[in-house]
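In what follows, a structure is listed as structure tokens, so that the remarks can point back to it.
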């Protein structure tokens, strides 16, 4: 039958040659269609598609709706294979334009029809589109009179929407049906005329505007009505003039053939001669056609094709039949039968040959494509809702291989040599474990909508099983998922990406059936834990790779090479694990979580090496079944492996004498479980292969030999840096179509989950143009698959977000859109060119060529309304002096205390830049030169390194890069300036540069599209040089020119820009440009020009303001101001009025110079006018150098700003100064001098003084009223070029916090904060040497790559939090400590006892040290100290004031044993401690005794001290004396206090006694070694001899700071922080509390450095095994001293340096926001207390802990109201309470110290005491400070009672009193006599009494006199007052 139809078509085509030049044998039309619901129902039944919702018997025309039926591509392809050339598509006018208007089309319907048309085009069927068939829009029925116009509009819409896909159009398919729809008209003729007019209009529109490439338009007429219709003038004219061919609806009744021929003959009467197309052919009652269809067609054509009338095609539906043999594929063919009955159809199916496979159909469809057709670029967009994203894998990027208890994975063990390039490992990788915020910022910069990442199984379950999940691991993924959600990014979580826990691999891994259960448990935990937020799950990522490379070739872990057995077994278990996991989710989680679970499979595309060889074609298909079908077929088809794969393995095994490959079999139950066990098919694809058939000539198993194929590549395919990836973009389209036809069949969506290519390390690491081309071509092929092939692809996910560890390739292959600097410890990420390109694709959702619509600005910013200015000037000095009165007396602690809170909800967070500093392109695209271009190109400009802004950051060419940064930062606003000379090259509006305008339009549109608010500065110092050539700002014409430029900007950009600033920092423009001449134009006229320039600038600003106000404000609704700059001025002596006035004057001369005229009264500040006027007069000038405004100008200037924009960076200390008069100078006019406090932190340009910001904001409010304020610049310049910029973090942290205080505490109306600057740039005279950027710019790289600094991440965090809210963990906790909690206070013998030589005491090393010059601050000594040796009673009072139950003190070794040995025991000294202990016990205070607190007897030091191993025995003997003599009274012993300090400070750096510093690399370790052994011996002595009888406890007190990493996202810093704590606290704790030996960190570091320095062993001594056993466990509790926290970071010392610090390799700093103390090393960091207590719990197996010291110092303290100490104690003790809540076994707390004392090398300068000791009073009284009362209340309350529960009695206490001072006999002078103090006091009292008596006597006499006088005047008038009484 196929052959007969070929003959028919050849015969019919012969008609097309009869006298026509339009048709040829190639374009004879054979058409099918249209789609009807009935047809779709039948087709869906044929294919077994139960998802289709078509009703049987519904013959209505199909109205397009999404999604298209999945079987259509297959149906259309079969039609094409049957010689069908065209297909009819009926549009639905009513559905496309439901409202009747082309302004509101139904876009979904439009897109649906486009997909349908593209599907036809893909199948090589040409669409024939009918504009209207039936059902008019309701709106047209009410407007009949305009029907023709309405139809014309609709036709125009259709031509525009679909014309690129359609070549043949029909206006109407049934005129009679349309007439029925029209409202009643007078006559049929008028109805026909209406339709004719509508058709004519459409025809004319089409041929005038849309008929490109030979498009045609017609109308369909019924054949039987031809004679009648041709008599109607409208139709006759239509047929002659307005059709390209005539179309007929023909019903051919074979019984009445003659009648039809007669009617058709009328066609010959039409002139000119027409071409005829049989649009619709019906053959009722024609059984003969089944036998001979050709005869029927020939008879029809004979009737038509006469006299040059030509038939160009016909409808072939009557001869078409479609069938299916397997419900998997469809076949359509032309048949002689008119209609097959059901029984006939079944017979037909059984006799049909097997249909072509999906692969064969795709190959046939594409094999003959021309290169031009194959590579044709499709300009279109992806469907709405398409997901764009990037991917990573856990083992590729996370690092943190041992963090948080993570278990070892199979990728973790170091591989054998040469396994990975460069011996790369993944311990750190890209360090994503610490960089969640950074990675999410990258995604935000990309505008990604989905992020595919994998979960590390061993990070969740370290041993692979779910008995004990790792909480830190769970927290990491929770943090990542939460951050993604906050950023609006969909998480796609992969459960398994090749990194099996090693613990499971040790039991066989994926070859052990039990791993399926383990995986299911792991997956179930992930679903339960993360599934509330994760809605896209991937069970396995590329299981083929794991099976092939991990178990087949052994290239990947676990390194098993068994391709015939292991790889198939592993795949088998993976599939079962996947299926069980999917069903578990489906049953247990889907109902609540509504997520989707799929699998990601990888596949190359395969094509035959020799297309003419059928065996190569079959091998190509087999390749796909082996690679993709191995996993896809069981899941997506029938639950089993592909038949091709099974057959091939069976054949292979038959050919060999033994089984080469063993393919496991699924049970029927397993098949049912597998089938359909995926909600989507994830696909990753990178390249294509050419495949040839491989003869079976070997029985050695390999992947290729088992598959029977051989892989090749076409060498013309471009090669990437990876040997296995060639660029073959069209392969992805074909693969997607194959997947759609073979597996998903439109029922399951496809997620493209991996596509990309690597670049090599030797390539340009930032300009990856090859990858850009790769993405461009591959993504476009995906678009073709969706649009032209109707493949249901839902996502495109690029591989990968960042560079990572690439398995065997190590780090040599870079797949990242972002470069990772693996040589930098911060693992900084920098976007590549491909990242920006990918963003552009995402923004356009594909490939748009049309210009984007202009966007409206984001409406998230609440702009203030216009504000009123004052009408009167500020006073001199201004009333703002109250700011100094309020703040200058603040204590430093109060001033600097960090405040927690947030800003207003609509607070505007931004970053800033300026045109000249970043744009570059100085002469590009018609830009004119500016004064800065001229200045930097002029020799001698004094710009460092002769730098210019010619390129700068190249922002003019890197707009995408800048927008990427802004999105990543999450800023709400971007402040930038417009280059006047880029817009107007000559400065005048007659020279508009369209390229410059376009740049700013694109910038503004990009900002608005990213929801970032543009803040635009019109002038940022870069005046067009052409205007400078006419005098610049000294020329009055500049005011008009500036107004013209501004007007243009308002008009051009104002629809999107709502925040304008006229000038940036005009003070610097005036002074630096025209005063000092440092800036261009370089005028040096300091006394006159600055004032003139400022005068002009103020007037120019006012002019522009009024222009905006009058012309644009009402429509654009923006605000306009100018950015003013100043620093804060702090009076050097706040109590000296002249200094306060000088500070105020400085502010008026800088800020008030411009702010006073604008925000107050239109004129300069009086202080300026006064000073400049007076000095001008003193300089003998006729008038003031300060110009004056006219009254009219004042009115014009006043109130010309809507908000106050402030730039501020630093502060100065100011005092009054009388400067020289001549030469005149603006600087001297201020009559003040400035300086900086050297203690302020230094920067590259100025010292930081953040507290000045708060004061400045308050001053502005006082001076200018409660006006909305925006900080438009604030930042810090550093010379450090690296991405680590902790100092910048501190700067922004403290400055923003001061702004927060101003907003929250002072009521300042602060609306926004804009950081300077977005990125490093050209910093004026500093060139590129000073870096202000949150982003680092590499100016040595032509690509100017931008890399986020640590400060960028911090600033994003501030923005996200909208300030600095108190973290939940830092909130104050109300509660009580456990019953029995011990409260104590501490001291130490040498620090308080004094009596250094009393009663036989021997010398200690501290006696010697303090008597040595230059050892102790202020030459202080401890000879007397607090004299506690003589003041037991007074010390008891201090303890009773505190209410403590315990007192920790130390015993002086040299007071008990003067020479350090037991040869002589000093009973007097011993008796002191007996009396002290008895006194304590009598007061119910328990002693806690420290045996050794640093004061070694000097005699022992003389023989080496702690470096001499004999000290161990000496210490044991000394302890024995104490146990024996005091043990019955003392039940709490501490052997050593802070051995770290003894070893490190005493023997390392020599800053403490004994001052040894010449052996820093060995002595500390030897001393530490002996200290540990001495402790152990003392402990064993007590344990063995005394514990049973005395019942006490004994341990050691170890001190340690807590260490936080300086950069928590930097693995090196994290490890440095750990190392800091292990070298400090762990040095001594690890041997005693853990295993008897030093920690591995110390041992490894010191050994490695010792060997590197040439030593043959470690400098750290080793314990013998017996010593380890004796040391281990020598504790009853953990005594712990803690004061502060540090920020630690890695610091590598040269190996030649031998010291403890060099071994530790850590540097430390303090956060500037941490409150200071009196000690340089002690910052108040309460949070660290809780953290280190928890660390002790975890590290040392939860020992009982007693805090044996904690407190804070104040330097030179005299105020008893020690609020800082109260803050310290309150917060630290509260953190201890939280630790108790954390289940830390904390038993007691000891405050350091009970009273001020001798603080070692700082002498008496630092005071830690809760009692003030007055050292200037010989009696040394102990006076309680406020902190003593506070601590006593905590002790009484045993914590912090909740005030919400009411007042608590424990909070009330009697006032504590000072201790009683002894009476001393001294002589004093009294009335010229030398008397004792007692006698002088008595005499004083006597004299005082006599004076008092004398005064009383005089008063009595006066009273008597007055009374008597009054009585003598009783006769006087009552109205007269007595002089005395009135007095």
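The backbone N, Cα and C atoms fix where each Cβ goes, and this holds for glycine too.
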Pick from 1883-1901, 1902-1920: which range has transmembrane segment per Swiss-Prot? 1883-1901
Helix, strand or coil for residue 946 (N-linked glycosylation site)? Use DSSP. helix
Here the glycosylation sites are 512, 821, 1340, 1508, and the Cα closest to that of residue 989 (N-linked glycosylation site) is found at 1340
Nearest recorded site to residue 1174 (N-linked glycosylation site) by CA-CA distance, among glycosylation sites 512, 821, 1761, 1814: 1761
Output, ordered by sequence, the same-chain residues six or more apart from residue 1672 (N-linked glycosylation site) with a CB under 8 Å from its CB, or 'none'. 1631, 1632, 1634, 1635, 1636
Since the record lists 512, 1508, 1761 as glycosylation sites, which of them has the fewest other Cβ atoms within 10 Å of its Cβ? 1761
Can you grab the distance from residue 1340 (N-linked glycosylation site) over to residue 934 (N-linked glycosylation site)? Cα atoms, rounded to a whole Å. 23
Out of 821, 946, 1508, 1761, 1814, the glycosylation sites in the record, which is closest to residue 512 (N-linked glycosylation site) when you go by Cα distance? 821
Specify the secondary structure state of residue 1340 (N-linked glycosylation site) as given by DSSP, simplified to three classes. coil
Secondary structure at residue 1174 (N-linked glycosylation site) (DSSP, helix/strand/coil)? helix
Around residue 821 (N-linked glycosylation site), which residues of its chain at least 6 apart sit with Cβ under 8 Å of its Cβ? 827, 828, 830, 1347
To the nearest whole angstrom, what is the C-alpha distance linking residue 1814 (N-linked glycosylation site) and residue 1761 (N-linked glycosylation site)? 15
Mean pLDDT across the topological domain 'Cytoplasmic' (1902-1927), rounded to an integer, is what? 40
Just checking the glycosylation sites 934, 946, 1508: which sit within 10 A of residue 1761 (N-linked glycosylation site), CA to CA? none
List, in sequence order, the same-chain residues at least six positions removed whose CB sits under 8 Å from that of residue 934 (N-linked glycosylation site)? 1025, 1028, 1080
Residue 1508 (N-linked glycosylation site) to residue 946 (N-linked glycosylation site), Cα to Cα, whole Å, comes out at 63
Check the DSSP secondary structure of residue 934 (N-linked glycosylation site), expressed as helix, strand or coil. helix
